């Protein structure tokens with residue numbers, strides 16, 4: 001109970017009783033000048049500031065008890081206890097009681113059961129309106145009727161210490177190292193919590209799936225010059241080093257879409273011009289890393305402060321939508337691969353067949369074999385006798401046969417089972433994640449289930465898959481540690497494959513890669529370091545970019561993919577490490593305390609990714625639809641708490657049901673909708689761009705979002721923008737506004 005009390009809490013003691021020496025009730029309401037400890041009078045050692053004493057003649061105990069309860073309720077009311085502290089005489093107290101009674105809701109006797117506890121609401125309405133009324137202030141209105149003040153100037157991270165330009169060579173990098181060094185030891189022992197284990201397992205499976213998907217696509221784009229194994233090794237090496245030494249170890253590195261597009265274009269260009277692809281790529285990587293190091297040395301990361309909420313949320317929403325879209329796209333592709341026979345009728349089951357026959361029937365001669373009729377043929381290619389009727393589909397095609405029958409192109413059950421696993425994993429993850437607010441089991445058990453929600457969902461649906469026994473597509477990881485292409489090794493020689501001028505010309509495409517790396521890395525870093533995550537150990541934008549550049553050099557020499565911060569997986573990592581208050585009164589919502597900042601989860605995730613090659617026998621039991629369900633969950637979960645999504649919901653919400661958002665108090669609703677509409681248009685244009693070959697300039701277009709935001713200064717007033725596009729979290733801003741009003745009153 002003491003843990004729940006604020007540090008300077010003071011008590012109100014309500015004492016009621018019956019005595020035989022009084023003929024009429026005696027009441028006293030006492031406010032002490034200084035709070036005093038009154039021994040065992042209070043249940044817990046808290047100093048008493050107020051005393052309410054009611055003594056009366058015998059026979060009316062129930063009435064006295066109800067008066068005591070009423071006073072206790074009054075004193076628990078935020079507005080009334082403000083009045084009680086400031087009241088000068090009896091009239092002030094009575095005025096306070098009158099105000100309270102005006103706002104009170106009366107439940108008539110007989111219409112409800114007083115023995116039943118009424119559940120507290122999920123979110124409490126603001127008491128600002130009442131405070132303003134009793135203090136004679138303006139009545140706060142929704143939808144921008146509040147009188148205008150100067151606003152706060154459009155968002156940004158200008159007040160962020162990490163993004164102040166030093167003007168010295170490597171000044172920002174040195175400051176980052178000095179800021180992070182004192183926390184290096186705590187970054188390891190802070191991970192000693194069961195929550196870290198759930199985060200490791202969840203992010204590991206997400207990272208492995210991502211590495212396999214990206215490796216497969218990369219293999220197709222580069223004719224296996226880089227494939228799944230390179231993707232695994234690159235992810236493991238870069239991720240582990242980054243999490244161990246970077247400024248923000250909560251960031252998870254991964255390959256991104258624009259990098260894939262660049263690799264495809266570069267490979268085709270090298271092929272058309274007879275260049276050595278891996279050597280050309282090595283020089284592009286070296287030039288790009290050099291340019292990134294120049295950006296680090298000149299404190300260029302200070303430009304991040306021009307990324308406002310508009311740019312951040314546009315980018316993170318787009319990446320989240322891509323995750324959701326890709327999850328469904330993979331499932332639909334799977335449905336194409338294993339088509340459903342929609343014409344199937346149970347009654348016609350005898351009509352369906354599929355048999356293997358030789359391409360040239362003249363070769364086949366029918367012979368009886370132990371009473372079984374089979375097709376036997378002396379194959380010219382394989383000097384063996386083939387029983388066509390007993391061959392599997394793969395063997396039939398391998399030996400040059402053909403599949404004949406009306407059921408050959410359909411695969412029963414697999415698609416349906418895959419979709420059950422896909423939606424089941426997503427729904428189960430969502431439900432178990434919210435389990436900590438349910439009524440079942442003790443608090444510790446609820447929290448544990450919530451922390452391990454995704455892992456439990458994966459285990460449940462892997463079990464269901466094994467139980468049903470349908471041959472759903474499984475997670476296949478490489479089992480041998482060697483380059484995908486036999487034409488290459490683990491070290492790329494820098495000279496000898498291309499003309500000398502190519503080494504210099506590589507600096508031009510490297511500029512595009514640098515913009516791509518800088519934008520992807522820094523926008524994700526800004527999202528991870530948002531103030532609403534309540535991170536206490538500080539950020540390290542310059543240090544992060546420094547390590548990304550160093551790792552780029554390593555990857556270029558080893559012929560591995562290039563890696564930058566992955567937005568959705570990083571948000572999922574933070575989400576799995578969120579801390580909340582453990583002690584809470586019945587029905588009270590837990591309060592968010594911050595994130596468990598440490599390096600261990602990231603390092604272990606990437607070490608596990610590296611050794612996945614040796615865990616292939618275990619991982620092959622995990623169905624791919626289950627992992628696509630996890631992707632869908634990550635995409636949807638990363639949209640939680642994004643102001644852009646809240647504003648999208650407002651478009652469909654009647655006025656009376658709109659929540660009390662800070663910007664709705666100050667900005668007219670039509671202006672809010674206009675701002676949302678412009679953001680949707682920008683998002684749609686980025687999506688179209690991403691879907692074409694022009695995806696390579698995607699990071700440059702993210703930069704264009706900053707320009708669009710700047711142009712909004714001419715469309716919206718600074719007052720409106722300060723509320724719609726501000727990076728100060730909602731709750732903080734409400735608090736600041738209330739404090740400002742209090743100061744005005746004083």
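The backbone N, Cα and C atoms fix where each Cβ goes, glycine too.
Note that this is a predicted model, so its numbers are computed, not measured.
Among the ranges 480-499, 500-519, 520-539, the one that TrEMBL lists as transmembrane segment is 500-519.
It is 677-708, from the ranges 389-420, 677-708, that TrEMBL records as transmembrane segment. In TrEMBL, the transmembrane segment annotation falls on 196-219 of the listed ranges 148-171, 172-195, 196-219, 316-339.
Within the set 600-619, 720-739, the record from TrEMBL flags 600-619 under the feature transmembrane segment.
As annotated in TrEMBL, transmembrane segment covers the listed stretch 626-645 rather than the other ranges in 626-645, 646-665. Which of 111-140, 231-260 counts as transmembrane segment depends on TrEMBL, and there it is 231-260. The transmembrane segment (280-298) and the transmembrane segment (500-519) are in contact, since at least 3 Cβ pairs between them lie under 8 Å (pairs 6 or more apart in sequence). Look at the domain 'Band 3 cytoplasmic' (1-114): DSSP puts its residues at 45 helix, 30 strand, 39 coil. The stretches the transmembrane segment (231-260) and the transmembrane segment (626-645) are not in mutual contact, being linked by fewer than three Cβ pairs under 8 Å (pairs 6 or more apart in sequence).
Among 452-470, 500-519, 540-564, 626-645, 500-519 has the largest number of CB pairs under 8 A with the transmembrane segment (677-708).
Sequence-distant neighbours of the transmembrane segment (626-645) (same chain, 6+ residues past either end, Cβ-Cβ under 8 Å): 202, 205-206, 209, 309, 313-314, 316-317, 319-324, 326-328, 330-331, 421-426, 429-430, 433, 454, 457-458, 461-462, 465, 475, 532, 567-569, 571-572, 575, 676, 679, 730.
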